[in-house]
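*Asks:* Swiss-Prot feature annotations, pasted as is:
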type	residues	note
TRANSMEM	33-53	transmembrane segment
TRANSMEM	77-98	transmembrane segment
BINDING	His83, His182	heme b b562 binding site
BINDING	His97, His196	heme b b566 binding site
TRANSMEM	113-133	transmembrane segment
TRANSMEM	178-198	transmembrane segment
BINDING	His201	ubiquinone binding site
TRANSMEM	226-246	transmembrane segment
TRANSMEM	288-308	transmembrane segment
TRANSMEM	320-340	transmembrane segment
TRANSMEM	347-367	transmembrane segment
Amino acid sequence: MTNIRKQHPLAKMINHSFIDLPAPSNISSWWNFGSLLGLCLMIQIITGLFLAMHYTSDTTTAFSSVTHICRDVNHGWIIRYLHANGASMFFICLFMHIGRGLYYGSFTFLETWNIGVILLFTVMATAFMGYVLPWGQMSFWGATVITNLLSAIPYMGTNLVEWIWGGFSVDKATLTRFFAFHFILPFIIAALAMVHLLFLHETGSNNPSGISSDSDKIPFHPYYTIKDLLGVILLLLSLFSLVLFSPDLLGDPDNYTPANPLNTPPHIKPEWYFLFAYAILRSIPNKLGGVLALVFSILILTLIPLPHTAKQASMMFRPLSQCLYWMLVADLLILTWIGGQPVENPFIIIGQTASIIYFFIILILMPLTNLLENKLLKW
């Protein structure tokens, strides 16, 4: 058995990636989220495949086909809710994974980090298009509002929006192409995840101390396979608790009303995992400025390694940076809350303040804190 594992070309690749992979001996449970993201992607692809067998991407029947899946298809309701809530779990793991990377300085692995940011954009695009497919009120108006943002691009904006819509409004052509893209993108995400892993295995994993662990490595199996298995059990327990007890907790009631272009919902808002970016978009009165802030709120992750001048990558021994980090987390939670509130005072001013603080912490306070901590090290 050992010979096959170490000699067969395919088995050898798996062996080097998941079995005999040298891993730091001190990585904590924060390193579990990579494997959990892989599990979430598998759940989404499998449930999505079964949903696609019964879904019709036509404006007249899309809403009815989702209702049909829930009512008439054998176990259709659980497949539909696993897919919808699986997306929420995906984003929870994604945010935890990025948060760990920021805290422990994993952004110093530039290729791995930048592929990760591309993955984040791709997952966000996939989730947005998936939200349009049930063709409820929030699906339709969410698609209209978000795609309309591209019209803010000077000179070519209007043509670009009409090209994406496939007409002069969000209609059948839009729904059909969104379904096609939503189907193919998860496989592109899987390929990008492979590249992400490839770059990670070039450098080896980071660890909480931020110190090189080359002198102290242990094999990935059985130590971290068992550890990952615990994460898998907890994730599945959380997901099934959500699906079986309160499947609509994270959804919007408006999406149980079929799409009606003549009736605008009082508050158009995306799924909870986009609310922080939506709050940043809404906090700027100018359309183009809002779109740029929205894109930059995610793209800013690629800039994090540039002003990083600290002697230590990890924040484990840097209390000032830790304070800033948790301020950033609190700020993102405030932005998420504001994104779900109506556009009226005091929410407008809170959203604008939180947006300024978000960029101020990342672009100005974090680099300054790095310099200050370097000075303190010399004392």
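Every residue gets a Cβ built from N, Cα and C, even glycine.
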*Asks:* Out of His97, His196, His201, point to the one nearest His182 (heme b b562 binding site) in space (Cα versus Cα); all of them are binding-site residues in the record.
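*Replies:* In terms of Cα distance, His182 (heme b b562 binding site) lies closest to His196.
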*Asks:* Taking the Cα atoms as reference points, how far is His83 (heme b b562 binding site) from His97 (heme b b566 binding site) in Å?
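*Replies:* Per the Cα atoms, His83 (heme b b562 binding site) and His97 (heme b b566 binding site) stand 21 Å apart.
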*Asks:* As a test: from 77-98, 113-133, 178-198, 288-308, 320-340, pick the stretch that has the greatest number of Cβ pairs under 8 Å with the transmembrane segment (226-246).
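*Replies:* The stretch with the most close Cβ contacts to the transmembrane segment (226-246) is 77-98.
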*Asks:* Looking at the binding-site residues His83, His97, His182, His196, His201, which one has the fewest other Cβ atoms within 10 Å of its own Cβ?
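*Replies:* Counting other Cβ atoms within 10 Å of each of the binding-site residues His83, His97, His182, His196, His201 gives the minimum at His201.
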*Asks:* Give the nonlocal contacts of the transmembrane segment (320-340) in its own chain as ranges (CB under 8 Å, at least six residues past its ends).
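*Replies:* Long-range Cβ neighbours of the transmembrane segment (320-340): 99, 102-103, 269-270, 272, 274-280, 282, 310, 347, 350-351, 354-355, 357-358, 361-362, 365-366, 369-370, 372-373.
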*Asks:* If we skip the immediate neighbours and take only residues 6+ beyond the ends of the transmembrane segment (113-133), which ones have a Cβ under 8 Å from one of its Cβ atoms?
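*Replies:* Those are 55, 57, 62, 66, 87, 90-91, 94, 98, 101, 106-107, 139-140, 142-143, 146, 174-175, 178-179, 181-182, 185-186, 188-189, 192-193, 195-196, 199, 270-271, 273-274, 298-299, 301-302, 304-305, in sequence order.
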*Asks:* Which sequence-distant residues neighbour the transmembrane segment (347-367)? Criterion: at least 6 residues beyond either end, Cβ under 8 Å.
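*Replies:* Answer is 279-280, 282-284, 293, 296-297, 300, 303-304, 307-309, 321, 324, 327-328, 331-332, 334-335, 338-339, 341.
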*Asks:* Counting only residues 6 or more past its boundaries, what in the same chain has a CB within less than 8 Å of a CB in the transmembrane segment (288-308)?
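*Replies:* Those are 98, 102, 105, 107-108, 110, 113-114, 117, 120-121, 124, 149-150, 152-154, 276-278, 280-282, 355, 358-359, 362-363, 366-367, 370, in sequence order.
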